[in-house]
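Student: So Swiss-Prot has the following annotated:
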TOPO_DOM  1-6  topological domain 'Cytoplasmic'
TRANSMEM  7-27  transmembrane segment
TOPO_DOM  28-517  topological domain 'Lumenal'
CARBOHYD  ASN187  N-linked glycosylation site
CARBOHYD  ASN221  N-linked glycosylation site
CARBOHYD  ASN303  N-linked glycosylation site
ACT_SITE  SER319  active site, charge relay system
COMPBIAS  477-491  compositional bias 'Acidic residues'
Amino acid sequence: MRASTHSWLLLVVVLSLSSFTVNAVILEGLIPPRSHLAPSTFQQPFALSSYLQKLFGTSLRALYGAEQNRQTSVKTFGLREAYHQGIGDKAHERARATFDFRITANDVQADQANIDFIPAIRTVRQRITRAKDPKKYVEVRGQSYRDAMCAASTELDWEDVDVEAPDVTERTTVLAFAKMASAAYKNDTSDWDGIGGFDPTNSFGWEGDGIRGHIFTTHDNDTIVVALKGTSNVFLGGGDTARRDKTNDNLLFSCCCARVSWSWSTVCDCYQGHGDQCGQTCVERALIEKSLYYPAITDLFNNVSYAYPDSQIWITGHSLGGALSSLLGMTFGVPTVTFQAPGERMAAMRLHLPLPPAKHADESPVAALPIVHVYNNADPIATGTCNGAASVCSNFGYAMESKCHSGKSIVYDTVGKLGWSMTINAHRINTLVDDVLTEDWSEKVRKKKAKLRSIGSRGGQISTRGWRWPWHRGDSADDDGDSDEDTDEDDKLAVPKARSEERCQDCTNWHFTDETL
């Protein structure tokens, strides 16, 4: 509204100034007289807009609003194919399936609740700082701790590039990515073909020894989205990679080798006793050398970029797939949107992934990464509260202790605004798609408030329970610097504002005895 008012005022100014001659402007001393101008310059028609631009500087652009400078466009995607990348001793085994746009967004009138419908994606121009040659970095770091330290100490060349990125302020864009992330769970292997001599039909159990990425493309392959499959954990229905995912989840997201209590079988031997002491270098080495997913996802990314050399790549994923997507986005500097992902910043630090240099002293390079995490705060995994000996995660052998995300996070306050209870079912991608993203957040909040008012008018009992960010320490503002009043602004938006979690801290109850990086 304010920008619109300014635009009308500016139009009045323009019309008023138009009644003056150029000579009148010269007499006021606003532009040099004719004798001070080159003849060729003075002969050009006087552009009042250029003159106003000089007067107002960049403020003229602000008066018209940012929308005119967003350079938005719309893209539609369909499911083109899927890749399966083996890991560990089966890293050479790959498979591919072609789907020929089986899931598509061609019909703009399609039912958005239909799982096979993907809404169009709106894009914006975004400047990203990324390594000039990330593939060389990945090649140098190898799979040993020593190689990773060598790569981390190597000075990288960085570049600023303007790219098309998904406009996550648009609900339908967020919904489209969520549906693509959901499609990555489809486990029909009837269409898979082996690559490099690998025959899926004669390799029992191959689905449980790798990662999967579904490839969505525009019709001209100008842009592709890689959707990585997330965790097939047993308490959410199990799946063909549940055993492998559990081991890697515990390596990636636990504070110290999944050492929840003395009765646990840990995934590494870094616990040093005294209740809360752990070896920092030890857990870094264990994650780099024992976790098989990071080298596998970089291999998958390289294979996809080789198959689509002229396409820009975006990445998405849910749960573990979202965390792995974020690690890829950090490594290769590509736009990434994740859903209900556990905090992956600690894993990125332990893996010693490269961070671009900060542009300003007060700017966080972690917050500037082209990564956006989307989750609702009723999910104990995404909020980092599914831990402790009595938690659901612990009961099934998962030590989901990390909570801090890189980039920025869009957090739907389903607990405070919609009255949801904290439950593991809120971690499901279908819960987010069906119960949150089908309409604008502002509309959902409005309907909930109207329902509460209706109950109150009939004499019913209303429970209003406040909720704060899970890493809140009791201050008057959240640890990320946003007050409760700031987050209430989300109630008026189609999608909550993306905010940094840079002040979040993981594993504050642990003491790491080596130097902490």
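Yeah, the Cβs are placed from backbone N, Cα and C, and that goes for glycine too.
Tell me what's around each of these sites.
Tutor: Sequence-distant neighbours of ASN221 (N-linked glycosylation site) (same chain, six or more apart, CB under 8 Å from its CB) are ARG80, TYR308, ASP310, SER311, listed in sequence order.
According to DSSP, ASN303 (N-linked glycosylation site) is assigned to a helical segment.
Cβ contacts within 10 Å of SER319 (active site, charge relay system), excluding its own Cβ and spanning all protein chains shown: 30. In the three-state DSSP assignment, the secondary structure recorded for SER319 (active site, charge relay system) is coil.
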Student: Which chain-mates of ASN303 (N-linked glycosylation site) that are at least 6 residues away have a CB under 8 A from its CB, listed by sequence?
Tutor: TYR83, GLN85, ARG94
